[in-house]
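Structure provided below as structure tokens; questions to follow.
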Amino acid sequence: MTQNSVKRMIQQYRCPIIVFAKKSINSRYFGLGSNCLLKLPYYKTINFVTLSNISSNMTRENVREKVALIGSGNWGTVISKIIGNNVMRYKEFHQEVKMWVFEEKVGGRNLTELINEKHENVKYLPGFPIPENVKALPDLSEVVRDATVLVFCIPHQFVPKTCDQLKGKINPKAKAISLVKGFETDETGIRPMSHAISESLNIPVCSLSGANIANEIAEEHFSETTIGYNNLEEGELFKKLFETKYFRVGIIDDVVGVQLCGALKNVIAIGAGFVDGLKLGENAKAAIIRIGFFEMKQFMKKFYGGIKDETFFESCGIADVIATCYGGRNRKVAEKFVTTGKSFDQLEEELLNGQKLQGTLTVKEIHRVLSSKGINDEFKLFTTIYRIAFEGLPPKSIVENID
Ligand SMILES: NC(=O)c1ccc[n+]([C@@H]2O[C@H](COP(=O)([O-])OP(=O)(O)OC[C@H]3O[C@@H](n4cnc5c(N)ncnc54)[C@H](O)[C@@H]3O)[C@@H](O)[C@H]2O)c1
Ligand SMILES: O=P(O)(O)OC[C@H](O)CO
């Protein structure tokens, strides 16, 4: 092998690491220096190691994270664009992203085939290109095989079953981040998605949530988001994976707080939609936002110790309440609930083309917890929203039943 053939190999295979079988045959032997001498755009350094010292040389720096994206709905697809581009920018990551698609037929063809052929999710995010290094797959096991980073972005009702399917299939050293806006409940309280995933798969889980209406971010309009971490190193790695010029990432050591805000703001959005349907104007909507924000904070503090006050003033907190009460799907469908008198299930089916509401389920889930604890009176807005949505209370009660 000549110096030129080694260079060609590096370029052809985009190698970040070159392993030499014999100690005597090393990078100097080829006149390549002890580390990277080629100014290639895709790696900052190329690591030359010999087989004999490969294990000691394989530091965190040169073991690249393989990213699997679990989900490909409206937000999942925007995220595939962001992380697909970012893994190409940083040497910490392997350059392919495998994306799990819950397979379905679109125009008689498999959605995975359409995504891989057109590099576009024609059903959940039509009109926006997906980077070519994002590979859509219908088989969950194949998506997570070898992955060291799992990004969960599916509606919260599908998380338990998806985790069941993942048991025993993932890399035990993997780490995850949940972009899911929802939680699990039972009579005793709530279980954040990060805990549900972590307990099911025995891996650490961070969270990401913010004022993030997917289509606006697909357009690359400026927005912010918040990552909640337990371990700073993981928080910083995830920031690298997600941040772009138009998608600014703040990090805070409050995994639970970040994601609970993301779940509960959907309840407030339903209240805001009722106000819009009733045409009560902006003052009334601002009042619902204020009271909703207060109940959200009370609820979180009651059910979880350790949530930081600062979290409520990050993108995941007040900013997401505002964004979702003006531009989200929960708001839109709640408005139609008032103006058409149809049920939420019917409207979801008719208006969202397969996309899922998270707020209606969360309204039911928190009502169950509040009822079992006998504390509905402490959460008058949340309780009224439940009763309008599911017990036939007139929508105008939204402003009559609150103090
Ligand atoms: N869309 C947004 O603007 C937005 C922004 C931030 C966060 N989120 C959150 O991200 C999460 C994912 O939402 P989304 O917008 O990507 O999805 P979506 O609502 O657009 O689409 C629903 C997805 O669920 C999939 N699905 C249907 N049945 C399934 C099943 N049985 N098992 C697994 N998957 C199934 C569909 O294939 C589709 O990919 C939600 O918690 C949502 O609140 C959404
Ligand atoms: O469309 P929604 O109501 O699910 O809200 C979308 C995002 O969560 C807003 O941040």
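For all residues, glycine too, the Cβ spot is worked out from N, Cα and C.
The following feature annotations were taken from TrEMBL:
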{"type": "DOMAIN", "residues": "66-233", "note": "domain 'Glycerol-3-phosphate dehydrogenase NAD-dependent N-terminal'"}
{"type": "BINDING", "residues": "GLY71, SER72, GLY73, ASN74, TRP75, GLY76, PHE102, PHE158, ALA214, ARG329, LYS356, GLN358", "note": "NAD(+) binding site"}
{"type": "BINDING", "residues": "LYS181, ARG329, ASN330", "note": "substrate binding site"}
{"type": "DOMAIN", "residues": "254-400", "note": "domain 'Glycerol-3-phosphate dehydrogenase NAD-dependent C-terminal'"}
{"type": "ACT_SITE", "residues": "LYS265", "note": "active site, proton acceptor"}
Hey, what's the widest CA-to-CA gap across GLY71, SER72, GLY73, ASN74, TRP75, GLY76, PHE102, PHE158, ALA214, ARG329, LYS356, GLN358, the NAD(+) contacts in the record, in Å?
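Greatest Cα separation within the listed binding residues comes to 21 Å.
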Enumerate in sequence order the binding-site residues GLY71, GLY73, TRP75, ARG329, ASN330, LYS356 whose Cβ-atom distance to ligand 2 is under 6 angstroms.
ARG329, ASN330
Rounded to a whole number, how many Å is the Cα of LYS265 (active site, proton acceptor) away from the Cα of ASN330 (substrate binding site)?
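On Cα coordinates alone, these residues lie 10 Å apart.
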When neighbour density is defined as the number of other C-beta atoms within 10 angstroms of a residue's C-beta, which of the binding-site residues GLY71, GLY73 has the lowest density?
GLY73
Please list the recorded positions from ALA214, LYS265, ARG329, ASN330 whose Cβ falls under 6 Å of any atom in ligand 1.
ALA214
Among LYS181, ARG329, ASN330, which the record lists as binding substrate, how far apart in Å are the two most distant Cα atoms?
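Of all Cα pairs among the recorded substrate binders, the widest measures 13 Å.
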Measure from the CA atom of ASN330 (substrate binding site) to the CA atom of ALA214 (NAD(+) binding site) and give the result in Å, rounded to a whole number.
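Rounded to a whole number, the Cα-Cα distance is 13 Å.
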Which whole-number value in Å describes the distance between the Cα atoms of LYS181 (substrate binding site) and PHE102 (NAD(+) binding site)?
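Just about 18 Å between their Cα atoms.
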What three-state class does DSSP give TRP75 (NAD(+) binding site)?
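In the DSSP reduction, TRP75 (NAD(+) binding site) maps to helix.
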Please report how many Å separate the Cα atom of PHE102 (NAD(+) binding site) from that of ARG329 (substrate binding site), as a whole number.
21
